[in-house]
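Asker: The structure that follows is given in the form of structure tokens.
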Amino acid sequence: MTETANETQIQSALVISRFLIIVPFTILVYEYLITLEHEVSRFWGTRLTWGTAFFYLNRYSSLFGTVPIVFQYYSTTTNPDKMPMCSAFRAYHQYFALISQVLVAVMLIMRTFALYERSKIILAFTVFVTLCAFIFAVWVLLTGNEVNTLSAEIAAFGCPMGTPHAKSLRLAAAWSGMLVFDIMIFGLTLFKALRHGRSRARGGLLAVLLRDGSVYFALMIISNAANIGTYTMGGPFISGTATTVTNVFVPVPPPSLHG
């Protein structure tokens, strides 16, 4: 069945999708500016380790990597000569989201590994769950027939290209793997926090780390769940726009998680 929408519906969806892009990007830039002095004093000039390398990759890939996505959602054109450029923006958006989640997963696995005092059992468990989620996502994305059910009005609207509902459902299934990963990290952090709370008095760096970490990962779960919701219920233009919210939210952890 062909998915249709009139011009008013398309414009309303574009306003919402652009809002979901520009607001989190503005927050990311603001967070970068107010924490730059802290970053310079804590990280610049120090020996490069795996931890600092992934910190830089995660921080600056999110900051600069989101710029083309902003251009994508604000470049509305019906000129057929510009459609290849729009397709390139779309492909970049998908690969950037994948790479961002891989970087995030590596950093969170490293953090959880350290939180559990370098337990090899925890490391093996988190890596296993991550690989299962990744393999499932790849399988979902590579299987199934790609059928374009969008009407001509939606399909040729410009760089904020609509996503057919069938493809949106597959993307939602792929993102569910990341949701499982977030729930795992949240569960491990919360379990450690509860055990620490029973055995020691409140206060101290570890207590703050566990407290902020539990809240932070709970918000990540909500963010990913909302992103999946845009794929399943958002319509052609809103589908997946919360991906930017998720990718931007991850590099802005509470101060106690900065190291």
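Placed from the backbone N, Cα and C atoms, the Cβ positions cover glycine too.
As annotated by TrEMBL, domain 'DUF6533' applies to 20-63. Under the heading transmembrane segment, TrEMBL lists 12-33, 54-75, 95-114, 121-142, 171-191, 203-226.
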Asker: Where else in the chain does the transmembrane segment (54-75) make close Cβ contacts, counting only residues six or more beyond its ends and a cut-off under 8 Å?
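Answerer: Counting only partners 6 or more residues beyond its ends, the transmembrane segment (54-75) has Cβ contacts under 8 Å with 14, 17-18, 21-22, 25, 28-29, 32, 39, 43, 82, 85-86, 89-90, 92-93, 96, 99-100, 103-104, 106-107, 110, 158-160, 241, 244, 247-248, 250-251, 259.
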Asker: Could you give the residue numbers and ranges of same-chain residues that sit at least 6 residues beyond the transmembrane segment (95-114) on either side and whose C-beta is under 8 angstroms from one of its C-beta atoms?
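Answerer: For the transmembrane segment (95-114), the sequence-distant neighbours (Cβ-Cβ under 8 Å, at least 6 residues beyond its ends) are 50-51, 54-55, 57-58, 61-62, 65, 68-69, 122-123, 126-127, 130, 134, 178, 181, 185, 188-189, 213, 243, 247, 250, 257.
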Asker: Summarise the model's confidence over the domain 'DUF6533' (20-63) as a mean pLDDT value.
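Answerer: Looking only at the domain 'DUF6533' (20-63), pLDDT averages out to 86.
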